[in-house]
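Feature annotations, reproduced from TrEMBL:
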- 245-254: compositional bias 'Polar residues' (COMPBIAS)
- 270-352: domain 'DUF5580' (DOMAIN)
- 415-489: domain 'DUF5580' (DOMAIN)
- 50-69: region 'Disordered' (REGION)
- 76-122: region 'Disordered' (REGION)
- 232-258: region 'Disordered' (REGION)
Amino acid sequence: MAFTQYYPLSNFIYDPSVSPTKPIQHLHEAESARLQHHATGRYETTYRTQFAPRTTRQPEQFSQPTRQFQNVFSPYPVLPKISPDHNPTPTSDRKSVIDTPVPQKPTPQPQQQQPVLNNEDTYLPREPILLTDYEEERLAEQIRAQLGGEAAVEKLKILYQELAAYDPNTTCYIHYNAVRSIAYQIGLYMADDTFRFAMSKFVSADQPRGLINYEDMIRYFARCISSLTPNQYENHPQQQQQQQMMSNGSNFSKSNDKFDPDESQIRLLLKQNLKQFEHDGTIDFDKLTRELNSVDRSQSGILNRQQIEEVIYKVRIPLQRSLIYQILERHCRAYPKLYNWRAFVQYLKERTFDIQQIQDRSSPIFSQYTRSRNQWLDDLQKEFNERDRLRLIERFMSNIANNEGVRLESTYPNAWFTRFLRLANAMYSHRTDPNVMQDYLLPREEARRLLQAYNQVWDLQINENKILRAFDAYSRNGYVVINEVLKELAK
């Protein structure tokens, strides 16, 4: 009969490690003494068991089968399997001191996570900050207030010289600590937050963090200071002449950049937009004010055009975008592209009330805004006369600008060759032969008359004897070769 844990026809339990064929009735009493020491296998020797301790079996484990071996005739027990992630610790043995150390393969170390706190300098951002027109103006005002004065201009020059000495390779980039320390040493004081905000405009993503473009920064400071005394540093006379020549032709044709719509046109468009709209309490100005106030998180009363338009359409006020823009530019402009939304709400309230009163013929506002036929005709006549007058003024001023440009060119030495090219173009305009491959010939007397006239018009001051010598050198049977004459006169 094979040895089993439970005998099929009996209630006795067999322990094969003690006696395979002997039944044990009182298991707890018989095995109580064995709990004090380690259990040994039947075929294990003393040498083997003293280095292989056995786990003590608890009373609740006596009902489990004892340790089995793969081979009963093997004198050694089967060792447990070693898990692949188990790293055995080397045991201390007397032979390990004498034996040569065996080189171990480097075990792959798990990648360490980067600590949250590192040594990276976060005083300045990696990329330059982008500011709105309103923020740019406020920053320029703070820089002007803190650097204002004529002495700051000379200090900026000294600052550039000192910073250039720190940049021998002329990369235009230097660390912000050097900029700040040198600025304080030469007496160029500025609030730390303002200085940091200004330096954040001149960092570059292509440069290491903390480096700023000091040339652009100093140039920016100079522009901020220049608004204090704009006429302190006058331009060179030649530069003034060039600027006047470039601007004379366009000063009288271009209007002011600020858009200034007509108030009567705004009211007419507003009336047309609200004509099909019920005015009796349907425009919820409280809701409009509440929504605009929620969008204005800084509570400054300033919003851009897109934010105001979104709130208007959210409250379902039927206004065209062009009309909203005209109202904002006419009555609510605070800064370039920024508007006072409280003034917009107030203006909309007033105009809506006026429209309601205009519909009531008994109201005094009805006669104020309802114009008669004669009044409309008078307005049209005034508008026509005004346009005609402005047209004449523009034509007259353009003529003055052209004459002024010619006069300035005559006294400006570097523009002589430009005027000579105009003379050459005028001479070639008299050519009648379409064959451009042949020489351009003119009769001697006609060529002399044309050259004298253009010489006086363009104020070239070419000597008469020089013109006659050129004619004598390049004459053919009473004709003059204009190509060669112009080359000779241009020398």
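Indices start at 1 and increase along the chain as displayed.
Using N, Cα and C of the backbone, Cβ positions are placed for all residues, glycine too.
All annotation found in TrEMBL is predicted automatically rather than curated by experts.
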List the helix, strand and coil residue totals of the domain 'DUF5580' (415-489) as derived from DSSP. 46 helix, 8 strand, 21 coil
Based on DSSP, tally up the residues of the domain 'DUF5580' (270-352) by helix, strand and coil. 48 helix, 9 strand, 26 coil
Where does the mean pLDDT land for the domain 'DUF5580' (270-352)? 83
